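*Asks:* Take a look at the following structure, please.
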Amino acid sequence: MHNDKDLSTWQTFRRLWPTIAPFKAGLIVAGIALILNAASDTFMLSLLKPLLDDGFGKTDRSVLLWMPLVVIGLMILRGITSYISSYCISWVSGKVVMTMRRRLFGHMMGMPVAFFDKQSTGTLLSRITYDSEQVASSSSGALITVVREGASIIGLFIMMFYYSWQLSIILVVLAPIVSIAIRVVSKRFRSISKNMQNTMGQVTTSAEQMLKGHKEVLIFGGQEVETKRFDKVSNKMRLQGMKMVSASSISDPIIQLIASLALAFVLYAASFPSVMDSLTAGTITVVFSSMIALMRPLKSLTNVNAQFQRGMAACQTLFAILDSEQEKDEGKRVIDRATGDLEFRNVTFTYPGREVPALRNINLKIPAGKTVALVGRSGSGKSTIASLITRFYDIDEGHILMDGHDLREYTLASLRNQVALVSQNVHLFNDTVANNIAYARTEEYSREQIEEAARMAYAMDFINKMDNGLDTIIGENGVLLSGGQRQRIAIARALLRDSPILILDEATSALDTESERAIQAALDELQKNRTSLMIAHRLSTIEQADEIVVVEDGIIVERGTHSELLAQHGVYAQLHKMQFGQ
């Protein structure tokens, strides 16, 4: 079992390496800097021999005259290499995290709806934000610890003497200076931390909008828009992180330089006869070693494996998502605009993970330009039929045709470009009203076209009352708008899209009577010259449909016009009687 685990960890790291490899130049520079850093410590320790043997053993003061300059030079070199190694490793880490996030984000946008049905939004957000950050632990944190501590283990032990009493008055003099440096850096840290927290919120919000509005992204072809939006905030997050690293990395060399000046003062003071007579070689050795210990922060090797394993575990969860199969897009047929003829032939469909079919042997024709309404009790399969038209799910048996061709013959982009969707659960993005109406295609439509769509959707009356009109930011998922206003923006979006096929999935079910009247007028405008599939619980909204289809337990049980179905005294008549009390 142990060997299997080791093999799994190694395989995971090998798979992660291609993500790190493009930034290996940063690793090489960091490695060289770490080696020079360790070499400076080793050379510093080697100075103890001439110090003890010549400087004190033979009272050759010339050694103590040139050694301060060497020490200062070594400390400057150490500070520079420490900064370079920390910055380069963190640069690689930031690039790796950003690359993983972009891969995850792009992969998730290509996942089928069934994937999101089985996953919670919080879990997926955690994968994009937290787990991808954990990858840095394996690609940078553990790496820098192992290399640095492996190359300079003696330096780590010496750091235990950082607060040694032997530093005596020198540390007392240094304390206020170090305190000021720490206070200045701490303020910088707080400022950057706030910016990082705000930016992380933007990253999470961007990802959450894509995840919650996945269907809208697919229908309106908004993958590129969402990718650009996510890339922007993700890169902003990376830059904030680099500012934090820069401030952190430069603070250590400053403190180290202060300590090196103190060391130089100790050595210079020791060259005076009055001072030399009161010191022993052992005392100088302790002070010297303690000052060296100040040059490097204490790094612990005890938690490296745990840190590395956390990173590998995060990699495995991310790779599990990246290994998930995306939507099958094997069709080749591309069209500009469909006529709008739809037909279901012996369609049977079962949701993934379930055994009982949601639809059984569905046969349905919707001629171009006609309106067909689906009615039935909750859970009867009405919305499932609509989801199959857009290929959010693929059927088990039968065929669904558009203009005489199976839907699977079309590319997904071409197919979904023919369909506009208005549902009861409208998803709006944290953007302007205009950009929401022209979602994913803002460059294709003029301002006049957007305004005309809003006017036809009876939305301009409330838009004109907003502070910035069409340029008003409406908040996350349109939180600043009422239900009716959100519905009208969705209708304006569908009008502007001008697709030949329209799906209305209980578009007015959650509205009050006044809002429903305004929206119904907009829907009537929207349905003109389009093939429409309406799903409704309120039977009053579908009485004028060309055909009403009654679905019960995944089977079509009745079909006909409103008057014909009432005359049959069947399921539709019962539903009508229940609603209107007749």
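Here the Cβ of each residue, glycine as well, is placed from N, Cα and C on the backbone.
These numbers come from a predicted model, not from an experiment.
Found this in Swiss-Prot, in case it helps:
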type: TRANSMEM; residues: 16-36; note: transmembrane segment
type: DOMAIN; residues: 28-310; note: domain 'ABC transmembrane type-1'
type: TRANSMEM; residues: 64-84; note: transmembrane segment
type: TRANSMEM; residues: 153-173; note: transmembrane segment
type: TRANSMEM; residues: 253-273; note: transmembrane segment
type: TRANSMEM; residues: 275-295; note: transmembrane segment
type: DOMAIN; residues: 342-578; note: domain 'ABC transporter'
type: BINDING; residues: Gly376, Arg377, Ser378, Gly379, Ser380, Gly381, Lys382, Ser383; note: ATP binding site
*Asks:* Over the domain 'ABC transporter' (342-578), what is the model's average pLDDT?
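*Replies:* When the pLDDT values over the domain 'ABC transporter' (342-578) are averaged, the result is 89.
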*Asks:* What is the number of other Cβ atoms found within 10 Å of the Cβ of Gly376 (ATP binding site)?
*Replies:* 23
*Asks:* With an 8 Å cut-off on Cβ distance to the Gly376, Arg377, Ser378, Gly379, Ser380, Gly381, Lys382, Ser383 Cβ center, who else from the chain surrounds the ATP site?
*Replies:* Thr384, Val551
*Asks:* Could you tally the C-beta atoms, other than its own, that fall within 10 angstroms of the C-beta of Ser383 (ATP binding site)?
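*Replies:* Excluding its own Cβ, Ser383 (ATP binding site) sees 19 Cβ atoms within 10 Å.
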*Asks:* State the count of C-beta atoms found within 10 angstroms of the C-beta of Ser378 (ATP binding site), not counting that atom itself.
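*Replies:* Step by step: centre on the Cβ of Ser378 (ATP binding site), count other Cβ atoms within 10 Å, giving 7.
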*Asks:* When DSSP is mapped onto helix/strand/coil, what comes out for Gly379 (ATP binding site)?
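*Replies:* Its secondary structure by DSSP: coil.
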*Asks:* I'd like to know which of these binding-site residues, Gly379, Gly381, is least surrounded, judged by other CB atoms within 10 A.
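*Replies:* Counting other Cβ atoms within 10 Å of each of the binding-site residues Gly379, Gly381 gives the minimum at Gly379.
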*Asks:* Taking the Cβ of Arg377 (ATP binding site) as reference, which residues of that chain separated by at least 6 in sequence fall under 8 Å from it?
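*Replies:* Expected: Glu552, Leu575.
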